Structure formats: C-alpha cells, structure tokens
Amino acid sequence: MAPKKDVKKPAAAAAPAPAPAPAPAPAPAKPKEEKIDLSAIKIEFSKEQQDEFKEAFLLYDRTGDSKITLSQVGDVLRALGTNPTNAEVKKVLGNPSNEEMNAKKIEFEQFLPMLQAISNNKDQGTYEDFVEGLRVFDKEGNGTVMGAELRHVLATLGEKMKEEEVEALMAGQEDSNGCINYEAFVKHIMSI
C-alpha cells in the first residue's frame, strides 16, 4: 500500500487587512479675532462730552492715580450710556486674560478710543428685535410670557444676569397670573 499523503486542508482565506483608519480631519481653524486698532479710531466727541466722560471715568478710580482696571471698563462704558456685551468689552480691550483684567490699568486717554469704538457699533438690538426674541416664549400667542420662564432665560442664557439684577429688572412687571406683557416689558427696559 502506498503511503498516505498528508492531505492538508486548504488554508482559510486570510481576512483582508482592515483599511487604515482615515486620517483625522484637521481641527477647524479658530476664527481669527478681529483686532480693533484703537490708534486708528477718530474721536468724534465734543470737548464738553469728553470732559463729562472723564469726570465719570474718574469716579471709578479707586487709587487716585487717574486710572481704572480693565475689569472696570465695561462698567464705565455702561455708565456712559452704551450697552456693550461682555464679549464686546473684551474685544475692545484686546481679549485680555482674567488676570490682566484685574491687574492692568488704563488712563482716560486710552479709554476714550474704546468708548468711541463701542459708540460707533450699530449692532445694538432694536425694539423689534427684542420683541421678536421674546415672542418665541409666547406659547399662547397672547402677547405675554410667563414671568418664571423669563427669569430663567435671563439668568441662564446668553449674557447671564445675576438673580438680583433679574429681580430689579422685572419688579412690577408681572400681572396677577405671573405673566408679563413682553412688548411693555421691552419698552420698560429700553427706557431705563
């Protein structure tokens, strides 16, 4: 008898090697922060206005050196009738760190172009913009929003307000059902 041949089972087809993982998508580039060149801003305020602004500026000087910290700039801007967001204030300051906000100081001459830049910004919301924004919360379509819901929105969304600020803003605005006529509310806010 002939010797048995080793019958080998055909080798199982090797599984195809997994395709290499695709290269990770490059991280999206951060949008370049627009720098505001304060030296290029033309001061359009009258001498009298500048004197009034300086007087207000100096009220915030805590050390008597005719300077304020960067963290006070937003307060002074708002005291002078502008209404910049915190982001706009940081942008006009050159996006300083939190440490710099409390440590760095500026003089009135450095502040004035910042005030002019903020004053020139025409991106402020209009009455219609605010009413339209609040209409989203008008579930019944009757011109009112729930006071509790508005409190929550003001304290948690966008430029968050402190609870005391919300209460001061909403004082006397709610009806007996806890609802607020948002058109009257916007008129009230814009008159402050």
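The backbone N, Cα and C atoms fix where each Cβ goes, glycine too.
According to Swiss-Prot, the features are:
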type: COMPBIAS; residues: 17-29; note: compositional bias 'Pro residues'
type: DOMAIN; residues: 48-83; note: domain 'EF-hand 1'
type: DOMAIN; residues: 125-160; note: domain 'EF-hand 2'
type: DOMAIN; residues: 160-192; note: domain 'EF-hand 3'
type: MOD_RES; residues: Ala2; note: N,N,N-trimethylalanine
type: MOD_RES; residues: Thr69; note: phosphothreonine
type: MOD_RES; residues: Ser71; note: phosphoserine
type: MOD_RES; residues: Thr85; note: phosphothreonine
type: MOD_RES; residues: Ser97; note: phosphoserine
type: REGION; residues: 1-34; note: region 'Disordered'
Around Ser97 (phosphoserine), how many other CB atoms lie within 10 A of its CB? 10
Using DSSP reduced to three states, classify Thr69 (phosphothreonine) as helix, strand or coil. strand
Specify the nearest of the modified residues Thr69, Ser71, Ser97 to Thr85 (phosphothreonine), where nearness means the distance between Cα atoms. Ser71
Roughly where does the domain 'EF-hand 2' (125-160) sit in mean pLDDT, to the nearest integer? 89
Write out the long-range same-chain contacts of Ser71 (phosphoserine), meaning residues 6 or more apart in sequence whose Cβ is under 8 Å from its Cβ. Met101, Asn102
I'd like to know which of the modified residues Thr69, Thr85 has the most other Cβ atoms within 10 Å of its Cβ. Thr69
Measuring Cα to Cα, how many Å separate Ser97 (phosphoserine) from Thr69 (phosphothreonine)? 13
